[in-house]
Structures are given as structure tokens and as C-alpha cells.
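**Student:** Structure in C-alpha cells, see below.
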């Protein structure tokens, strides 16, 4: 089988989300760089893959997909028998759907701006906007309080097994180790910390992070 092609930038949270699931499945894929700084995502060749001009896009043979969460659902379903089962029958289907939605509507809207401010802007030669960081760090802390209460009763988001709901959060352990949005954002929440560390220890996550141009970690704890 020809390798799948994932179009995007390695540091994009949405690209990392898909790369993590591809690695969990043990699938052969290549990242085809799309340079947002030069407007490559708005050029006709990329718009043919995603008419909205956003990364990522995935090409799997004749199948062309965009929207990272839809891509991940496709991968988890089409390649269900390969690698990690991300939609296990033993997981609570209701919890899985709830936490997929939570990631999309509560977690990502606050975590993604932090990734941009704390990781992407410095790599592009800019400085983080302190006001934006503080705003989203405060909101993310409130979201993580909800996670802490839930994870006090569950090892993973949908129960005792790692699922697609957990995989969709993959960039954030990298964020908190490389540039924590505020001191103790994870360390002060022991159940979130244990969940974070379980994700970060997974070989698929480590393989994904190895391809991300992260800045060196700070000396203080997340």
C-alpha cells in the first residue's frame, strides 16, 4: 500500500492530532509540507485538496479528506484492525462522544492559541502576546478543572482504555513540557498529570513529537 500523505506543518495542533492517530495505527505516511507563511495553503494545488484552505488534508489513495477530527474518525474506522483500537467496544460510546466534543469545543479553543503564542511565534522570530497567553491560560485552567474531576473517576476519558478521545489531545503534553502556559497548570492537577504522562509515554506520541520542531523545555515544571 502506498503511504498516506498528510499535508500541513508539523507544529500545527491539527496536523499533530492526525499524525498521532496515524502513528497509533502504525500506518506508513509522509508529511507533505504546506508553508502557511508563504500562503501555500491558499494556492490552487492545495485548494484542490481542501477548498477552505486550511491544514491538514489527507490523501489515502483516491480518498481526499480534510478537517482533522473527521480524518481521525476515518482512520480509526477504516483501519480498525491495525495498531491501537481507538474505538474499542469496551469503552463507553457515550463518554467517547462527549469527550470528543469537549476537546473540540472547550479544550482546543483555549489550547490552540497557547500553542501558537508559546511555540509557533517564537519559532517565527516573534514574541508571545502576554495578554492572549493569560486569557487562554486562565480559561484552559478552568477546563482542566473539569478534566481533573472526570479523570479522578476514569483512567482515560472514555473509561479504562486509551481511545480516540485521548489521542485527539496529543499536542498538549508537548506544550506543557516545552512552554507551560502557567506554572502548575498540569502539576497541580494530579489526575490530569497522570493522564498527560500516560499519553506522553506512548510510543506513537513520542514518534509524533520527535518530528515537531519544539523549542527546548524550560527548567521549571508544568
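The first residue you see is number 1, and the count goes up from there.
For all residues, glycine too, the Cβ spot is worked out from N, Cα and C.
Model, not experiment: these values are computed from the prediction.
Per Swiss-Prot, the features are:
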BINDING   12, 13, 14, 41, 42, 54, 55, 67, 68  glutathione binding site
DOMAIN    2-83  domain 'GST N-terminal'
DOMAIN    89-219  domain 'GST C-terminal'
**Student:** Whose Cβ, among the binding-site residues 12, 68, has more other Cβ atoms within 10 Å than any of the rest?
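**Tutor:** Counting Cβ neighbours within 10 Å, the top one is 68.
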**Student:** Give the number of CB atoms, excluding that of residue 55 (glutathione binding site) itself, located within 10 Å of its CB.
**Tutor:** 22
**Student:** What does DSSP say about residue 68 (glutathione binding site): helix, strand or coil?
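**Tutor:** Once the DSSP labels are grouped into three classes, residue 68 (glutathione binding site) ends up as helix.
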**Student:** Could you say whether, by DSSP, residue 14 (glutathione binding site) belongs to a helix, a strand or a coil region?
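**Tutor:** Residue 14 (glutathione binding site) sits in a helix per DSSP.
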**Student:** Let me know the DSSP-derived helix, strand or coil state of residue 55 (glutathione binding site), please.
**Tutor:** coil
**Student:** May I ask you to report the DSSP-based helix, strand or coil state of residue 42 (glutathione binding site)?
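**Tutor:** SS state of residue 42 (glutathione binding site) = helix.
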**Student:** Is it possible to get the count of other C-beta atoms within 10 angstroms of the C-beta of residue 42 (glutathione binding site)?
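**Tutor:** The Cβ of residue 42 (glutathione binding site) has 11 Cβ neighbours within 10 Å.
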**Student:** Kindly report the helix/strand/coil residue split of the domain 'GST C-terminal' (89-219) according to DSSP, in that order.
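**Tutor:** Taking the domain 'GST C-terminal' (89-219) as a whole: 84 helix, 2 strand, 45 coil.
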